[in-house]
Amino acid sequence: MGGLNDSVIMEIVLLALSCSWEKKLFLILICSLLYLGVILGNLFILFLVIFDSHLHSPMYFLLANLSLIDVGLSSTTVPKIIKDLLHEYKVISFQGCMTQICFILIMGGVEMVLLIPMAFDRCTAIHKPLHYLKIMNPKIYISFVITGWVTGVIHAMSQFLFVIKLPFCGPNKVDTFYCDFPKIIKLACTDAAKFEFIVAANSGFMSMGTFFLLILSYSFILITVRKHSSGELSKAFVTLSAHITVVLLFFTPCMFLYVWPSPPPSIDKNLFIVDFAITPVLNPAIYTLRNKDIKVAIKRLCKKISYSRLC
């Protein structure tokens, strides 16, 4: 077909979007509201970090990058779903499907890796407060972000180039909302079992390895602080609770998808909503509601807006 490989499939039918009109309206409303929340919430944090000089620190630089990635991750799937729900024929071209998979893998990999320097940042701030700015200098935290993007791209390309070479000449229907990596592999005209295992092992190892590393890091911080005083433990727990919540929200669906590659359709669809809509919209809310600096920055912004109106 002169496309990405010698596949015969020209388009892929998304069966999960074929439902009653009432359910379509409900999904359109939910997806639209969640996506609006993702865009407004994450771009608001990005705006605050860029234009408020008090937030020009390593932690908020990393948070701004996380917000940018959440916007990108959600934008790869949710707008397409809303558009498809408005049409009778729910399909995506083979090239479009491969492109969607590529962007999902890149954005997901980058966010996964970016959560590690965010944990390191909190660890440094709590354990080495006097040396924090020296350790977390601009060269270090910018290199963290670059490393995250490079790792995410390499991880995505290693799997994407592997899948794109598979022959897709048979069925073209999947019971999902978007081009789900494990499900698309099953459409290949070959023995898919070994390829599913390789992909699940690759992504599963990265997901679970990163998750346990983060949990161990946060546990180490809390155990170490506990030895000093209960007041410091309480303060540290409040600071870390937002980070731990984000980690759990992000990694739980990922581990289900790759440790359990063939979950029941109902669970699979719910995991999609959590991963691509609920988690990205909750991240800015979690960091805003639990972060004193962000609250103060919002108050400063409100004062500036009120002052400009009076002038």
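If you go along the chain as it appears here, the first residue is 1 and each next one adds 1.
Note: Cβ is positioned from N, Cα and C throughout, glycine not excepted.
According to TrEMBL, the domain 'G-protein coupled receptors family 1 profile' annotation covers 41-287.
Residues or ranges marked as transmembrane segment by TrEMBL: 25-51 (among others).
Within the same chain, residues 31, 34-35, 38-39, 41-43, 45-46, 49-50, 100, 103-104, 107-108, 110-111, 114-115, 117-118, 121-122, 125, 136, 140-142, 144-145, 148, 177-178, 246, 272, 276-277, 279-281, 283-284, 287, 293 sit at least 6 positions outside the transmembrane segment (58-78) and bring their C-beta atoms closer than 8 Å to a C-beta of that stretch. Here TrEMBL flags 58-78 (among others) as transmembrane segment.
Listed as Cβ neighbours of the transmembrane segment (98-120) (distance under 8 Å, sequence separation of 6 or more from its ends, same chain) are residues 4, 59, 62-63, 65-66, 69-70, 72-73, 76-77, 80, 92, 141, 144-145, 147-149, 151-153, 155-156, 159-160, 163-164, 178-179, 181, 184, 206-207, 210, 213-214, 217-218, 243, 246-247, 250-251, 254. What TrEMBL lists as transmembrane segment is 98-120 (among others).
Residues 4-5, 58, 61-62, 65, 98, 101-102, 105-114, 117, 120-121, 181, 184-185, 188, 195, 198-199, 202-203, 206 of the same chain, all 6+ positions outside the transmembrane segment (140-164), place their C-beta atoms under 8 angstroms from a C-beta of that stretch. Summarising the annotation, TrEMBL assigns transmembrane segment to 140-164 (among others).
Annotation comment: TrEMBL describes 205-225 (among others) as transmembrane segment.
Summarising the annotation, TrEMBL assigns transmembrane segment to 237-259 (among others).
As annotated by TrEMBL, transmembrane segment applies to 271-289 (among others).
On the 0 to 100 pLDDT scale, the domain 'G-protein coupled receptors family 1 profile' (41-287) averages 81 in the predicted structure.
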